[in-house]
Amino acid sequence: MKSLLLLVLISICWADHLSDNYTLDHDRAIHIQAENGPHLLVEAEQAKVFSHRGGNVTLPCKFYRDPTAFGSGIHKIRIKWTKLTSDYLKEVDVFVSMGYHKKTYGGYQGRVFLKGGSDSDASLVITDLTLEDYGRYKCEVIEGLEDDTVVVALDLQGVVFPYFPRLGRYNLNFHEAQQACLDQDAVIASFDQLYDAWRGGLDWCNAGWLSDGSVQYPITKPREPCGGQNTVPGVRNYGFWDKDKSRYDVFCFTSNFNGRFYYLIHPTKLTYDEAVQACLNDGAQIAKVGQIFAAWKILGYDRCDAGWLADGSVRYPISRPRRRCSPTEAAVRFVGFPDKKHKLYGVYCFRAYN
């Protein structure tokens with residue numbers, strides 16, 4: 001017991017001797033690090049930025065370092081941008097930078113770079129925006145053991161529209177719904193996009209898939225059997241369903257296009273096959289559903305002539321309601337999916353700009 005007590009006393013004296021040899025400055029460095037917390041701060045001037053398909057955008061991100069912090073400036077700064085999936089379960093790599101080393105991933109190659117406005121600027125520039133670029137992006141800055149992140153949302157100007165194929169309503173599983181939107185120059189809409197469309201007046205009584213795998217529908221005028229007679233307006237949520245087996249419609253989203261949408265002046269009405277050929281003869285292609293909605297919503301296109309579209313449907317866009325032309329509201333009117341051999345309609349064409 002005496003030997004153990006002597007060992008403890010010697011250890012205490014040796015520790016006191018060591019503490020006398022350490023400078024006050026060293027003690028302060030440790031004290032500041034403990035009390036002041038992290039020495040790397042990442043911020044975004046805007047939580048959300050807006051653009052459109054084909055445009056350019058800067059996702060803001062700046063970082064601030066404490067130059068007095070122990071170890072500051074020793075490590076290279078690593079900047080990493082990722083995109084969050086709509087269900088927030090995964091992150092998709094977009095861009096990584098460390099010193100002179102830079103790497104771009106996937107479809108972002110050749111379209112993204114750091115703004116580089118200053119040594120503390122981690123803002124990311126995305127050029128030639130696509131519909132798939134919409135979403136939330138995370139900026140992460142790492143220096144040694146210190147790191148911080150910020151999330152920036154990229155919103156696109158555009159229009160949400162409900163869609164179902166020739167087979168009729170409630171015939172698409174989730175994967176087919178995704179492809180159906182792509183076939184119409186669109187992507188499957190997010191909940192935020194549907195919610196914004198509902199706030200803008202979209203009222204649709206058929207449930208459709210959204211990008212997060214949920215099934216919902218927007219009601220501005222509750223009625224039976226659309227949301228219930230005595231209920232409040234809102235986006236009705238059916239929840240999450242089996243993506244392979246469950247079948248619903250889909251809500252698609254599209255944005256500006258780089259081309260010309262127009263109704264082809266032709267001496268006669270056309271069958272579907274004749275309509276396709278007529279657009280080709282005019283140096284164009286038969287238009288898609290997403291293009292007629294974009295022309296109507298974004299450009300204010302108005303035409304009171306029913307015309308064929310690429311999916312075999314017949315529609316016409318009205319931005320100025322009037323007698324015999326959607327008198328009650330501005331809308332893209334849906335005639336249906338008639339027999340493709342019927343020679344009763346004109347055609348809407350789309351000519352892309354190079």
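Quick reminder: no glycine exception, Cβ is built from N, Cα and C everywhere.
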Cysteine of CYS279, CYS304, CYS325 paired with CYS349 via disulfide, per Swiss-Prot:
CYS279
With the disulphide bonds as Swiss-Prot has them, who is the partner of CYS252, out of CYS181, CYS205, CYS226, CYS304?
CYS181
Where Swiss-Prot annotates a disulfide for CYS325, which of CYS226, CYS304 is the other cysteine?
CYS304
Looking at the domain 'Link 2' (259-351) alone, can you tell me the average pLDDT?
98
Could you put numbers on the helix, strand and coil content of the domain 'Link 1' (159-254), residue by residue per DSSP?
19 helix, 33 strand, 44 coil
Measuring Cα to Cα, how many Å separate CYS61 (disulfide bond) from CYS325 (disulfide bond)?
48
Considering the disulfide-bonded residues CYS226, CYS279, CYS349, which residue's Cβ sits among the greatest number of other Cβ atoms within 10 Å?
CYS349
Using DSSP, would you call CYS325 (disulfide bond) helix, strand or coil?
strand
